Each structure stands twice: as C-alpha cells, then as structure tokens.
Amino acid sequence: MAEEIITPVYCTGVSAQVQKQRAKELGLGRHENAIKYLGQDYEQLRARCLQSGTLFRDEAFPPVPQSLGFKDLGPNSSKTYGIKWKRPTELLSNPQFIVDGATRTDICQGALGDCWLLAAIASLTLNDTLLHRVVPHGQSFQNGYAGIFHFQLWQFGEWVDVVVDDLLPIKDGKLVFVHSAEGNEFWSALLEKAYAKVNGSYESLSGGSTSEGFEDFTGGVTEWYELRKAPSDLYQIILKALERGSLLGCSIDISSVLDMEAITFKKLVKGHAYSVTGAKQVNYRGQMVNLIRMRNPWGEVEWTGAWSDSSSEWNSVDPYEREQLRVKMEDGEFWMSFRDFMREFTRLEICNLTPDALKSRTIRKWNTTLYEGTWRRGSTAGGCRNYPATFWVNPQFKIRLDETDDPDDYGDRESGCSFVLALMQKHRRRERRFGRDMETIGFAVYEVPPELVGQPALHLKRDFFLANASRARSEQFINLREVSTRFRLPPGEYVVVPSTFEPNKEGDFVLRFFSEKSAGTAELDDQIQANLPDEQVLSEEEIDENFKALFRQLAGEDMEISVKELRTILNRIISKHKDLRTKGFSLESCRSMVNLMDRDGNGKLGLVEFNILWNRIRNYLSIFRKFDLDKSGSMSAYEMRMAIESAGFKLNKKLYELIITRYSEPDLAVDFDNFVCCLVRLETMFRFFKTLDTDLDGVVTFDLFKWLQLTMFA
C-alpha cells in the first residue's frame, strides 16, 4: 500500500481562544465528546485512507529523529543510531492489536525510562471499563486496517482523541520502546506513541510518577502518603477511597539500583507497584483487626506473613467470613494486616476518579470542580508568601464549605469538611526540549474573616495577606507536575492562592477541588469598573492668566496645539524632571491624548482642552510618584497595578496581563510616559463605552463600522 501524508490544520490566535471557550461551554472536552487533538479526525482520516488505498502517515508526529527526542535521544545521539521506523505489518505476517484482552504481559519496558507510565498502563489492564475509555474498541490490523489508530487521553482538564500512525521505532528488528512479552501485540506500543505525541517526543516521557499516568488515563486526582508519617485516619481514608472506586497503588522504596526487584524475607518485591484492591475489618479472637487486600500485577509472588493465604490466622476467623475474604486464585492477590502494611510499605498513592469514570450507581462519588489559570510576569506571577509585596497578585479561588462529613465516615473525631486540592502545571513535559522544566509550585489556604463572608468575589489585596496567616497549605513547594493535599476544615469560606515559589515564573495551571460533600467554588477577580470624574465644563474666563500666557506661547498663531506640537511640549517639560525614567512621549500616545480631549473634532487642542489635559497629567504625575516606592524613576509592574486602582480603575487579572504586556519594559519597569498613555487609553475606552451604553446594562452592540471606528481611531 502507498502512504498518504496527512497534514494537520492548526487554528491560532485570539479567535482560536474564543472558539475554544465557546466549544467547552457546549461540552467539548468531556470523555464522550473528546477534542480531536490537533484537529485530526480519526474516522475521517481512516475513511480517506481506505478509499484511496493508502496507509496513514502522521505529519503531526512524523517518523523522524525529532520525534524520538532532543538530547539523550536527539538526532545526533549514539543511542538513536540505526533506528528505523516500521509498521507491525512489516515485522510480522499476522500482528495483533489485542489478544484475549489486555494483560500485564502486554507491557514490557524498552530503552526508555518511563516505567512510571508502564505501571499506570498495567493498572488499567485490571479494569476493563477504564482501559477502554483510553483504548477504544474496534481497532485491529485486519478488518479496516489503514495504518491509523487512536487513543483517548486526559490532558489538563480535557479529554483528547489522539491519532497516531503505526510506524514504530525499530532497532535490530525489534521494538525499541514498549513491547509485549509475546511480541505480536501492539496496543501498548501504540498507546505509548500517542502519549509521546502529546508530550512532544519519546524522550519527554523519561522520568515521572505513576500518579501522572493514572491521572492522564482517568482524569482523576492523586493523593500521596509517605507511610512513615501518614495521618492517623489513613485506614478510614483507604476505606472511603475504595468505596468511591478510586485506584490505589503502593510500593516499597529502594535504596539503590541493586535493590530493584529484590524480594524481602516475606516475599514482597521492592520497587514494584502493588495495587490495593480491598480493605476489611475481621473479628480475630474477640478483637477487630484491620486488613488490607493487595495485588502484585507483575507476578504471582505473594506475601507469606500474617494473614497470607496459608497463614494460621484464618483458622480463628468465622468460617463464613473466611470464605468471603480468602483469595483462592493464585494471581498475586493476598491479604495482610494494616499494621504490617504500614511497616512493610513506604508509599501509598490514591487516584480519586471523577464521577463520569464511575458508572456504578452503588459507588459514592466525589463532587469535582476544575479551574484553569495562568501565572504571568508582572501581573499574576507573585511567588509564594515569602514575597509579601507581590504574593497578593496571584490568582485566587474561593471555597465555601457548608456540609460536614457523615458522622460514621471518620469515627468519633471532631466534625469537619473533607476535600482534596490539586494544583497541576501544564505542558511542562512538552517544553523540555526548549530547556523549560517543572516549576516549583504549591498553594496556601486562608480563612475568610467573618466581616468578609458572603461578600462579592473580589480579589483580596496585599493588606489582607499581611494581616492574616494561612489556615492550611500544601505540604511543600516542589517541582512536580502536580501538588495535591487532603484537608479537613470546619465549615466556612476559604481562599486558595496557587503560586510558583518565586515571583515572575510564568506558566499555565489547572486547580482542582474534589470534595466529599457539595461545596461552592468561585474564582476571585475584580469587576471591571471606572470611577471617573465628570467631564469638566470650563470657559476660557475661568482659566488662570498665567496659563493663558503659557498657552499662547506654546500654541502659535492658530492658538491650537496639534499632535506634533503636543509631543514637543510634553517631552520638553518631562525632560526637566530628572527623577523620572522616560524615553519621551511618542506621536501615537500624543494622538490618543488629543482624541480623548478634542471636543470639536478638529484634531487639535484649544485652550480649554489643553488646560484639562494639563491638569490630568499633573494628577497622573502625583500618582506615579506616590507608587514609585523605591524612587527609581519608574514603577514596577506590581506597583503599576496599585497606581491604576488609585487613578480610579478596577480591572480584572486578564486586563492587567494585557496592560503589562503592552506598557512595561522587558525588565517589567513602567516609565512615566507609558503610565500616562495607559491611563489615557483606559479613560478613552471607558468613556466611549459609557456613551454607547445608553440603557446602562453593561452591554453594547457594534456593527462593523463602529467597531473599526472605535478600535482604529480611539
């Protein structure tokens, strides 16, 4: 068969962002309506290839060295020498996608350090429902084969349908990366390729945690527990997690490479990911004993200590209960006491699933909320609490906890509301090839004081954080893709502040709330408004004679000041203020000032108009000096935010991002002329809107002419 090269269609720019938001509101990105990754439609592409008799070749992730990697697996690396790309049909006469269902033996690690990903894939094989949410049915190398396959992955709040061709990296006639033990099944190798595609390359998959794979295959949120310092109610947490259909994994840390695969005296394997499949209390000689059921998906080596299959402890358990609990299949599944579990294992991971992944009506489900956000230099990247001058500019989110946990959920403890917070930074694996790795991230939780409870969702300012300590926080700031922590707090309102550790570190993030009871959430942001003074109505007689004399001197014979003359005047005046950092006013900024003040529409300023502008600039100068806190002659981007508010404008964080991008220098400094231009522009746009909003409903409608008139000449 010939190959058909398909080139993806990309949509870029602001219009794409608007289009994406509208589509999301209509349900695009849910699992049942997954986004076609890079615009590639599996059914259409497959049909086209079948019709033309060609095999699919994916130019969005082509079979070239750059798809392998950028450093250790880069184009000039010795590790990639001799690698070719071949289809399974070129390697075998009868390749298979899946044989007799997916099993752990389908997943053997190759020459890539992505065991974390393979452990997550192996866990999927234990749950057919979850597996086939990722690996859709109906794919094969026989009926309807066209060299194209697809998989569904969760990516930062959205499900995407990822198309791949079946050209796989081969060296010495064998698959370089993931392969099956039998050598004739290829679903796992193709799934790995799809995951490499969304992350930019195979090398981008090197190094990670199983929880990352769990989340991208389920859309769930993961909790980590170091068992040496686990909370006292961990057994109850495990019971609740199993009750909610969560995936649980645990492992024994290794101290060196030599420890990997080492088997302990009681037949536990170090460095392997075990699954927790059950928990039960049993009556043992008159006392209740907490048990944990485990499974080693990698083999049939089983625990031989207390409560193992052949242990004597079972002889002291009621026969009926014993039959209900005892594992009869030799499949690596076994029971052990919770006390032994805490002593023998090192770490526990719990992946809490979203309601859409849980089809059973008997399973209790989490209440979930997801927010997307950004950290941008100078506007929303304030760093952690160690930086009080800027911490307050970070994005903020409010949680309202009303319902306490059920009394029987956690025993006799004090009542409270349980929830999990998870902060995830986006696209960092994909950006490794550009030298950008994980930022150090975390979050803090603040209790809203009584006087602010129920108030509008306004962004909290610096004074609040200077006066109030955090009520809770992430366990640490760390350079992982996700930081998550379980909390239990009294009913009330709380504000969550996600941040990077240091200020001015840029990135996109997802913040997720998983609560056991319903909880109200909202993003805190200021409402856009302007407290502008009424436009002055002056006559020439009211203007000071000294100012009139100055105007006559500046305006010339026509007694009006043009844009060019205004620029000369302002730059001459500003040059005398040696304490100001400025490059002078541009013609464009002076044109904006004239447009704001020009009442008769002749493109020039008369005496009254110039007088009003002059007084306004003097006011701007006093504000500028007030917020130039270090007297450097310029303001920082964060100082500018406070200065804009002092001038009467309240803006949301997105507008501040745009303003800083447009009016600050590369070092985030804002000089006086840019500050004036910004305020003039803001006032002009607010006044235009106010004029057009005749019914005062906060909405105006433009035809194309009015839109162009406003944007081109305002």
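In case you wondered, yes, glycine gets a Cβ from its N, Cα and C as well.
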Quick one: sort out which of 15-30, 95-110, 271-286, 527-542 is the region 'Linker' according to Swiss-Prot.
527-542
My understanding is the cutoff is Cβ-Cβ under 8 Å with a sequence separation of 6 or more in the same chain; which residues meet that for ASP628 (Ca(2+) 4 binding site)?
SER634, MET635, GLU639
Who are the long-range neighbours of the domain 'EF-hand 2' (585-618) in its own chain, taking Cβ under 8 Å and residues 6 or more past its ends?
536, 538-540, 543, 547-548, 551, 555, 558-564, 566-567, 570-571, 574, 673, 676-677, 680-681, 683-684, 687, 713-714
Could you check which of the binding-site residues ASP598, LYS604, GLU609, ASP630 is the closest Cα neighbour of GLN109 (Ca(2+) 1 binding site)?
ASP630
Neighbours of ASP598, ASP600, ASN602, LYS604, GLU609 excl. site residues, C-beta within 8 Å of centre, Ca(2+) 3:
GLU560, VAL594, MET597, ARG599, GLY601, GLY603, LEU605, GLY606
Those recorded positions listed as THR354, ASN602, SER632, SER634, and which of them has the most Cβ atoms within 10 Å of its own Cβ:
SER634
What are the non-local neighbours of GLU609 (Ca(2+) 3 binding site), defined as same-chain residues 6+ apart in sequence with CB under 8 A from its CB?
MET597, ASP598, ARG599
Whole-number Å distance between the CA of ASP630 (Ca(2+) 4 binding site) and the CA of ASP600 (Ca(2+) 3 binding site)?
42
Inter-residue Cα distance where the pair is ASP114 (Ca(2+) 1 binding site) and ASP600 (Ca(2+) 3 binding site), in Å:
70
